[in-house]
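According to TrEMBL, the features are:
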BINDING   HIS37, LEU39, GLY64, GLU85, ASP113, ASN128  S-adenosyl-L-methionine binding site
DOMAIN    44-170  domain 'Ribosomal RNA adenine methylase transferase N-terminal'
Amino acid sequence: MPKIKAGTSGRRRERLKQSRELKSAGGLTFNTGIGQHILKNPLVVNSIIDKAALGPTDVVLEVGPGTGNMTVELLEKVKKVIACELDPRLVAEPHKRVQGTPLASKLQVLVGDVLKTDLPFFDACVANLPYQISSPFVFKLLLHRPFFRCAVLMDICLQYILASPHLFKK
């Protein structure tokens with residue numbers, strides 16, 4: 001489990017605690033075969049969000065919200081979050097995290113494969129993608145209209161896209 005620094009707000013501590021409880025109490029086993037992994041470290045989540053330079057009028061596409069750790073932080077900064085989740089077991093989790101709060105009305109969850117989903121308008125994309133879909137997803141983003149302002153993808157995604165073809169020959 002990630003360490004929480006003494007200066008971490010009570011609200012952030014509570015969110016991290018909820019995430020831990022979900023994984024243990026819910027008995028969820030994450031499917032690493034499809035590259036499923038959960039962002040738990042609030043410092044990483046905040047770093048990703050900061051890099052997107054989001055504002056209060058932005059609509060954000062989040063790919064793979066999982067347990068909602070980044071989703072909740074995004075909802076506090078933007079007008080709307082459209083989250084696309086492949087795993088039906090996790091679809092309700094972001095909703096549970098904001099249920100009964102003003103943030104709930106700002107969340108829309110699309111169920112299914114982001115590569116096969118018609119994406120609505122969004123200003124920015126924040127995605128912690130599994131490397132298996134990184135190239136097809138980037139191409140989908142490049143073809144999306146109207147154009148979005150920015151996309152924040154993980155470094156491993158970029159490394160996979162830029163890797164030499166000989167690395168993938170069998």
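Quick reminder: no glycine exception, Cβ is built from N, Cα and C everywhere.
Curation plays no part in TrEMBL annotations; they are all automatic predictions.
In the three-state DSSP reading, GLU85 (S-adenosyl-L-methionine binding site) counts as strand. Counting other Cβ atoms within 10 Å of each Cβ, the binding-site residues LEU39, ASN128 show the lowest value at LEU39. Take the CB of GLY64 (S-adenosyl-L-methionine binding site) and look out to 10 A: across all protein chains shown you find 25 other CB atoms. Summarised by DSSP class, the composition of the domain 'Ribosomal RNA adenine methylase transferase N-terminal' (44-170) is 57 helix, 24 strand, 46 coil. Fewest Cβ neighbours within 10 Å among the binding-site residues GLU85, ASP113: this applies to ASP113. In the three-state DSSP classification, LEU39 (S-adenosyl-L-methionine binding site) falls within coil.
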